[in-house]
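Everything on this sheet refers to the single structure shown next.
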Amino acid sequence: MRSARVDKGPEHSPLLGSDELEPDLEAAAPSLPAAAAAAEPAERRHPKQASLDAARQQARRHNFAARFAAGLRANEGLVYVAGAQLLYSLMALCFKLLYTLPLPAGSVPISALQTIFFRMSITWLLCSAWMVARKIPHPFLGPPEVRWLLALRGVSGYMGLFGLYYSLQYLSLSDATVLTFLAPLATALLAAVALGEPFSMREAFAGIVSLLGVVLIARPAVLFGNVPDPVPVPVPEALVDLATRALSMVGRDGAVPTSRGPTEAERLGAVVVALVGVLGSAGAYTTIRHIGRRSTATHSVAAFSLYASIVSYIGASVLDETWSVPPSWLWCAVLLAIGVFGFFAQVLAALGLQREKAGRATLLVFSQAIYSAIFQSAILGVPLHPLSLLGCAVILAAAAWVMISPK
């Protein structure tokens with residue numbers, strides 16, 4: 001009676017002969033049908049083949065991990081920018097929580113300019129302390145050869161903040177927020193003109209598509225009418241940019257309450273100032289890209305924080321605001337969290353822009369809309385609008401399309 005031959009298959013090494021089979025399997029083979037012998041586990045039929053299969057599986061896992069790590073290294077700048085947007089969204093959440101905290105009797109909430117001053121001061125102190133501790137040269141003003149660029153970065157960055165704050169006096173929160181997200185497109189165009197960076201049609205199309213996703217999340221009344229929130233809440237809808245969180249006494253539609261509605265001239269002026277702010281933000285991003293690695297990321301963050309602190313202090317003094325102290329330890333903790341999240345977010349953003357084309361990197365600014373929508377649903381307990389879910393999907397698809405594209 002012929003013994004059943006175990007089919008070693010095409011993957012078996014030709015150096016492995018039949019004499020290497022286990023004795024019990026070889027003895028039992030004559031009494032087993034060929035199909036039953038072939039159905040035996042690989043470990044019993046051929047221990048060396050089993051070890052080869054395990055080695056192949058381990059190699060496949062290693063290759064996947066290696067490809068994943070290589071992908072992260074190839075898109076290192078984008079990973080930094082995405083992490084920065086997560087931290088910016090956490091800071092925005094803290095802003096949101098800050099103005100929902102109870103106030104002791106007789107206490108006055110800290111104004112927007114004062115909140116900016118405290119936040120930027122904390123960021124500047126952390127940057128300076130870090131550079132002094134690490135013995136980084138020129139910790140306060142930056143390297144001499146790029147000091148004027150750092151100053152330009154600080155001034156242009158504050159222009160972006162000013163444009164947003166001014167526009168919120170006359171525009172709804174949704175309208176003002178959508179205008180701020182024109183900054184990535186403006187950055188890509190400005191970097192192409194000023195720095196000669198390539199600006200592909202893929203990036204242009206992805207930017208437009210991402211902006212459409214932001215519009216779906218923000219749902220400005222000028223396009224969608226008065227779309228109600230899923231549940232009535234005293235705050236605007238899902239997407240609330242980090243700076244708008246600093247505004248106290250916001251109205252139901254996101255605009256600052258006034259004794260009368262804004263006129264058409266005021267509204268048009270607010271749009272113009274908001275667009276100037278968009279150019280300021282684009283100038284800040286492009287300047288960081290132009291500085292590159294001639295200064296550290298902390299130098300860039302320190303410059304922006306220093307100028308923002310100075311201008312916000314001057315603004316509060318000109319407006320004759322009464323300086324307030326945090327009314328409770330909880331306010332102090334939230335303000336500290338705002339400063340810490342802002343510090344690390346700005347560091348990651350600067351690192352990302354040093355390593356990645358400005359056009360590709362700033363497209364991931366749109367991911368902040370997704371983080372904000374998630375925090376609204378998971379932490380604040382406000383369900384997402386179906387249009388917000390659609391907008392998140394559009395933004396994710398556009399960002400993924402850019403990340404897999406060649407640089």
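Placed from the backbone N, Cα and C atoms, the Cβ positions cover glycine too.
Small disclaimer: the values here were computed from a predicted structure and weren't measured.
Residues annotated as transmembrane segment in TrEMBL: 77-99 (among others).
The feature domain 'EamA' is assigned by TrEMBL to 82-218 (among others).
Remote same-chain partners of the transmembrane segment (111-133), defined as residues 6 or more beyond its termini with a Cβ less than 8 Å from a stretch Cβ, comprise 95, 98, 139-140, 161, 165, 243, 246-248, 296, 298-299, 301-302, 304-306, 308-309, 312-313, 315-316, 319, 321, 323-324, 335-336, 338-340, 342-343, 346. Taken from TrEMBL, the feature transmembrane segment applies to 111-133 (among others).
Per TrEMBL, transmembrane segment is recorded for 145-166 (among others).
The feature transmembrane segment is assigned by TrEMBL to 178-197 (among others).
Residues annotated as transmembrane segment in TrEMBL: 204-224 (among others).
Look at TrEMBL and you will find 268-288 (among others) tagged as transmembrane segment. Residues 149, 152-153, 156-164, 166-167, 169-171, 176, 179-180, 182-183, 186-187, 189-191, 194-195, 262, 300, 304, 349-350, 353-354, 358, 361-362 of the same chain lie 6+ residues outside the transmembrane segment (268-288) yet bring a C-beta within less than 8 angstroms of a C-beta in it.
Feature annotation from TrEMBL assigns domain 'EamA' to 270-403 (among others). Sorting each residue of the domain 'EamA' (270-403) by its DSSP state yields 110 helix, 0 strand, 24 coil.
Marked as transmembrane segment by TrEMBL: 300-316 (among others).
What TrEMBL records for 328-351 (among others) is transmembrane segment. With a threshold of 8 Å between CB atoms, the same-chain residues lying at least 6 positions outside the transmembrane segment (328-351) that come near it are 77, 80-81, 83-85, 87-88, 90-91, 94-95, 97-98, 101, 104, 110, 115, 118-123, 126-127, 288, 297-298, 300-301, 304-305.
Taken from TrEMBL, the feature transmembrane segment applies to 363-381 (among others).
The feature transmembrane segment is assigned by TrEMBL to 387-404 (among others).
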Taking only the residues in the domain 'EamA' (82-218), give me the average pLDDT of this model.
80
